[in-house]
């Protein structure tokens, strides 16, 4: 297999759950360091990388609504959780001497820069890893939707969705041993089959902008970079 990457610019989506590792809450620094190592390898290959991180390891906005609270406030709390995760991942990357910037959809200038497409493209042009925090900056949108949105804005050639398993299955393979794994799908098939890999808005936005989605296990060290060169194990979602 050639070590030459088949993608030049990608968006990596890492869930808060992934950063939690085997812990019940918070950030496992060893996991953050491992993900950072994979990103560093991608940068060494010349791939430009943007990252969207979730916040579910710290807080989920829907939890507030399920207890009778205000969903908007809950989502704002969830957005703040993504900022914490973004700063943690940025710290892990900087330990590897990877130039990294955090851009937040919610203005907090004392902590990180504010998001704009112009800032994103500028930092990418300088070879920096760009971590997007704060989701879309609006309630009622998931970080999957933020990933699709940022991928479109940065001109990403693919969205790499790091999950708990090595691709898209017909059902949760951890609960259903008979679940079937898909090697390739279209965006439309995901929507038609109701496959729970990303929310409907995210998949629709990726389809509209013809952005492939690559679903892989974020827990396999080196898996991200292996897939970047055309190998590895993943489900590839395209528009045809």
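Every residue gets a Cβ built from N, Cα and C, even glycine.
According to Swiss-Prot, the feature ATP binding site maps to 13, 14, 15, 16, 56, 60, 163, 164, 169, 172, an assignment based on sequence analysis. Cβ contacts within 10 Å of residue 163 (ATP binding site), excluding its own Cβ and spanning all protein chains shown: 22. Residue 163 (ATP binding site) carries a strand DSSP state (E or B).
Sequence-distant contacts of the region 'Involved in allosteric activation by GTP' (21-26) (same chain, six or more residues past either end, CB-CB distance under 8 Å): 57-58. The region 'Involved in allosteric activation by GTP' annotation in Swiss-Prot covers 21-26, and the record cites sequence analysis as its basis.
Taking the Cβ of residue 55 (UMP binding site) as reference, residues of its chain lying under 8 Å away and at least six apart in sequence are, in sequence order, 16, 78, 79, 80, 81, 82, 84, 85, 135, 143. Annotated UMP binding site per Swiss-Prot: 55, 75, 136, 137, 138, 139, 140, 141, 142, 143, in sequence order.
In sequence order, 61, 78, 79, 135, 145, 146 are the same-chain residues whose CB sits within 8 A of the CB centroid of 55, 75, 136, 137, 138, 139, 140, 141, 142, 143, the residues recorded for UMP being left out. Taken over all pairs of the listed ATP-binding residues (13, 14, 15, 16, 56, 60, 163, 164, 169, 172), the Cα spread reaches a maximum of 25 Å, rounded to the nearest whole number. Remark: of the binding-site residues 15, 136, 138, 142, the most isolated position is 138 (fewest other Cβ atoms within 10 Å of its Cβ).
In the predicted model, the region 'Involved in allosteric activation by GTP' (21-26) shows an average pLDDT of 89. On a Cα basis, residue 138 (UMP binding site) lies 16 Å away from residue 56 (ATP binding site).
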